[in-house]
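Copied from Swiss-Prot, the annotated features are:
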BINDING   GLU215, GLY349, ALA350, MET351, GLU352, ASN353, ARG878  substrate binding site
BINDING   HIS385, HIS389, GLU408  Zn(2+) binding site
CARBOHYD  ASN116  N-linked glycosylation site
CARBOHYD  ASN189  N-linked glycosylation site
CARBOHYD  ASN236  N-linked glycosylation site
CARBOHYD  ASN316  N-linked glycosylation site
CARBOHYD  ASN546  N-linked glycosylation site
CARBOHYD  ASN584  N-linked glycosylation site
CARBOHYD  ASN601  N-linked glycosylation site
CARBOHYD  ASN640  N-linked glycosylation site
CARBOHYD  ASN669  N-linked glycosylation site
CARBOHYD  ASN754  N-linked glycosylation site
CARBOHYD  ASN766  N-linked glycosylation site
CARBOHYD  ASN792  N-linked glycosylation site
REGION    45-77  region 'Disordered'
SITE      TYR471  site 'Transition state stabilizer'
TOPO_DOM  1-18  topological domain 'Cytoplasmic'
TRANSMEM  19-39  transmembrane segment
Amino acid sequence: MNFAEEEPSKKYCIKGKHVAIICATVVAVGLIVGLSVGLTRSCEPGTTPAPSNPPPHTSTALPPQDQNVCPDSDDESGEWKNFRLPDFIQPVHYDLEVKVLMEEDRYTGIVSISVNLSKDTRDLWLHIRETRITKLPELRRPSGEQVPIRRCFEYKKQEYVVIQAEEDLAATSGDSVYRLTIEFEGWLNGSLVGFYRTTYTEDGQTKSIAATDHEPTDARKSFPCFDEPNKKATYNISLIHPKEYSALSNMPVEKKETLDNDWKKTTFMKSVPMSTYLVCFAVHQFTSIQRTSRSGKPLTVYVQPNQKQTAEYAANITKAVFDFFEDYFAMEYSLPKLDKIAIPDFGTGAMENWGLVTYRETNLLYDPLLSASSNQQRVASVVAHELVHQWFGNIVTMDWWDDLWLNEGFASFFEFLGVNHAEADWQMLSQVLLEDVLPVQEDDSLMSSHPVVVTVSTPAEITSVFDGISYSKGASILRMLQDWITPEKFQKGCQIYLENFKFKNAKTSDFWDSLEKASNQPVKEVMDTWTSQMGYPVVTVSGKQNVTQKRFLLDYKADPSQPPSALGYTWNIPIKWTENGNSNITVYYRSNREGITLNANLSGDGFLKINPDHIGFYRVNYEAETWDWIAETLSSNHMNFSSADRSSFIDDAFALARAQLLDYEKALNLTRYLTSEKDFLPWERVISAVSYIISMFEDDRELYPLIETYFRSQVKPIADSLGWQDTGSHITKLLRASVLGFACKMGAGEALGNASQLFEAWLKGNESIPVNLRLLVYRYGMQNSGNEAAWNYTLEQYQKTSLAQEKEKLLYGLASVKDVTLLARYLEMLKDPNIIKTQDVFTVIRYISYNSYGKSMAWNWIQLNWDYLVNRFTINDRYLGRIVTIAEPFNTELQLWQMQSFFAKYPNAGAGAKPREQVLETVKNNIEWLKLNRKSISEWFTSMP
C-alpha cells in the first residue's frame, strides 16, 4: 500500500512548518472560537456557490439488523474475547459470490469457507464488521453431514461473529475440512474502505464504479472472513452484476454467463493462497490498454474511457519495472495476469491487491501535456512500489502486522531500484535521501517514535503503523544493509527468502537468516538493533578518526534511556568512511562502550568523511573546527564533495543544532556557499532543512525580514539561471520548481511578479501556464493577486478538469488565498463530496494550514468539526488520526494548552494516538527551542552584510 497521499509532494511546496497566528480575540475566547469569530479581518460576503447537500450515498447508516439472526452479545465465556484468531482454526478455501445492486447502494453475498481444525471444539469465530448476516450460518462436517447450530452472535468488541454448534467438532486430518456457509448483506456507501461505490462523470453523465479496499482490516467489512494475514487460503470468486457492467478480480475470468435481461455473472479462476487483505473485486464500465511482459504475462491498465491516453505512461513503466523485478528476484510473477485500475475516489495512494492493483488517479494517470515532471515521477514510483509487493507482501507475507515493514519497507526501498532501471537519468538512487532517509530521521528523533517491529493489538494500532517508520525507516535501513553486505549478496539473500517462504508467511528473523546464508555476515546481530528499538545514533568524531555513539533526540532535555530498551539505545553500526576516495566499512559494535578508532592513515590535513552519501541511518557530528573547514571548503570548491554529501552535511548540521549539539552559527555558515550551488539534491534538502527556522520565526516582525533577505540573495543566482521557461531535463525541471517556489516563499519581488503575471494571464484565458510551474503559480499567484473572482474562476477550473493531478494543484491554489471568508467557505465545502472528493478532504485541510491566513483556521475547523469527521471517517482512519499534525508548527504556551484541552475533550484517539503524542512533543520542543535559539540566530542574520 502507498499511504503518503495526505502530504503534498516535495516538488509542490516547501515542507516547512508554519506557526499559527493567534490574535487577541482568539486568546480571549480560546478553543470555542468559531471560524468567523477567530478570523483576523472582516470580509464582505462573497458569491461563491454554497455547498450542496451531501448525496445519500455518503451516509454511514447500515442496513437494518432485522430478525436478529446473529444478535450482538457481550458473552466473553470463550476464546473469542481475544483479539487474535486461534491457531487451531485454519481456513483453506473460500467460495465467494457477491451480487452488486449498484442503484440500491448495497450488495448481497454468500461465502462458503473450508476450514481445518487442529483440535476439537464447538465454537468457530471469524471477523465481520458493518455487514449483516441474513440467514443462520450453515456448517457441514467433512462427510457432508449438516451440524446443528445452537446459536450465533456478534462480539463487536473484537469484530467477530461466533457460531456455536450443538455437537463437538472433531479435529480434521489430511484433506478433510468443515464447510461453513454464511449469507450476508452490506452497504456500498459510507466510506472508502471495504466494498464501496463511487461516481465519476463521462460526457456529462454520472456513472458508478464499485471496488474494494481491504488493507489492513477491512476485508471483514466486505464479507465474513478470517481477517488476519497468516490465515492464507485460496479463493473462487463470482460477481453478479448489471449487464452493462464488467467485473474484475484477482484472477482471470473463467466464464461469463447471462442470467436474464438485467444480470450477468462473472466467475474467476481459483486463486493461489493469499491473505484476506489482498482479495479484490470491482464492477466497472472502464476501457483498458495492455502491454505484455517479457515472460508473456498480460499487464492491463483500466481507466475511464476519456482518460485512456493518460494511462500510456503507467502501462510502459509497468512493463519495464515488471521485467526488471522478475529478473532481480529470480522468480516469475505468480499469477496469469496483472491488472491495474484507477479508482475515482480512493482513500490510500494505491493498494497492491494480488493481480488487481487499485490506484488513486493521481498515482496512475499521467498526461505529458498537462502533468508535471513530479507527477510523472510519482506515477513511476507508486507503480514500482506496488509491483514490489507482488513479491514482497503477496508471495511472501508478514506473519502479523508487527512485521509490516517486511511489506512496506521493502516496497519503499525497491521502488527506487525499479524506477532507476526504467528512468536512468532521474537520479533515483540519490533521491531516496530526499524522499525517505532524511525526512524520517526527523520523525525518529522524537521520544514518541516507535520501533520498526512494534507490537500491535487493536485495529487502530494496526492502521497507525502504516507510517514513516514502517515505510521510510524500513527502506533506509535496507539501503544501509545492502551497502554493508554488498548489493550482490543482498540480492541473493532476497532470492533465498522469496524461495523459502513462497506462498507462506514470514517474520523479520526469517529475512535475517536468508541474508546470513547469502553473505556469511552477522546480519541478525547487527540489524536487530535497528528494528527492535526506536531511534538511531549520532556518531561523534574526535581527533579525526575516533568515533563514539549516543542516541540522537531533538529534545535535549529528554531522558535518552526512555522508554526502556533491552539494547539500551546503542546500535551495531556499519560505519562507512572514505579516505582519499577509497571506501571502507567497519562495524562499530555496541559492546565497545568507549567507542572505536577507525583504521585510517590520514595525513596531517586529511579529512575522513564518515557516512558518505548518508548511506547509514545515523547522523555525524564533527569537532567545531572541522565544521568550519567544511564550510570553508564548500565556499571555495563545493564540488570537492558529492551532491549527496553536501545534502548530508546540511541536514546533519541543522538537525544537530536543533538538538543543541551544534551552534547554529556552524549550521548557518554551511549555507553561505549556496550562491554557487546548482544541483537538485542539495537545494531540495537546504529548502527543507531551513524551513524549520523559517516557520518558527514567520511571525517575528524583527527577525523574519532578515531571514527573507538572506535567503533571497542565496537563491537568486540559481533562480535567475534557470528562469521561467519550462525546459531542460527531468531533474532540471524539478530543481526549477523548487528554487522558484523558495524564491517566492522568501518574498523575491521578481519571482512573485512572474508568478502573478502568469496567474493573471491564465485568469483571462490568454495563456496556459507551463506544467512544471503550475503549482507555484496557482499558489503564489492566488496569494499575491487572488481576489474572489480569481478564486471562483479557479474553483470552476477545478470542477471542469478531468485530470486528477491538475485538480490537486488547483486545490492548493484555492487554499492559498488571503481572503479568510473564502477560506472559511472552502473549509465548509469539505462536507460536500460533490465538490471535494472524500479522498481529498485531509489534503485540503493540510493545504490551508500552510497558508499564514489559514493555519489557525484549519486547526479551529478540525476542533469544531471533530464529531463530524469521526462520524464520516471513523476514529480508526489513519488520515483522520494524522491530521492533528498540522499543529506541529505551533510554538506558544497558549497553542499547547489549546491542543491539550482538545485532546482531553476527545480522549479516544483511535489511529491518532501516536500522532497526538508526536505533535504534543514537537510543540513543547518548539517552545523550548525559541527560548534557547532566538538570540544566536538573530545575531547571525544581523551580522550578514
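Just so you know, glycine gets a Cβ as well, placed from its N, Cα and C.
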For GLY349 (substrate binding site), identify the closest of the glycosylation sites ASN316, ASN584, ASN640, judging by Cα separation.
ASN316
Name them in sequence order: residues not among HIS385, HIS389, GLU408 whose Cβ is within 8 Å of the mean position of the Cβ atoms defining the Zn(2+) site.
MET1, ASN2, GLU352, GLU386, VAL388, PHE392, GLY393, ASN407, PHE410, ALA411, SER412, GLU415, TYR471
Considering Cα atoms only, can you say which of ALA350, GLU352, GLU408, ARG878 is the nearest neighbour of ASN116 (N-linked glycosylation site) among these binding-site residues?
GLU352
Record-annotated substrate contacts GLU215, GLY349, ALA350, MET351, GLU352, ASN353, ARG878; largest Cα to Cα distance in whole Å is 19
For the binding-site residues listed here, HIS385, ARG878, which shows the highest count of neighbouring CB atoms within 10 A?
HIS385
From recorded positions ASN189, HIS385, TYR471, ASN754, the one whose Cα lies nearest ARG878 (substrate binding site):
TYR471
Which whole-number mean pLDDT does the model give the topological domain 'Cytoplasmic' (1-18)?
44
For GLU215 (substrate binding site), the closest of the glycosylation sites by C-alpha position, picking from ASN546, ASN766, ASN792, is ASN792
Collapsed DSSP category at GLU408 (Zn(2+) binding site)
helix
What is the total of other Cβ atoms whose distance to the Cβ of ASN601 (N-linked glycosylation site) is within 10 Å?
8
Between ASN353, ASN640, ASN754, which of the recorded positions has the fewest other CB atoms within 10 angstroms in the structure shown?
ASN640
In three-state DSSP terms, the structure that ASN640 (N-linked glycosylation site) belongs to
helix
Cα-to-Cα gap, MET351 (substrate binding site) vs ASN601 (N-linked glycosylation site), nearest whole Å:
51
Helix, strand or coil: which one is ASN792 (N-linked glycosylation site) in, per DSSP?
helix
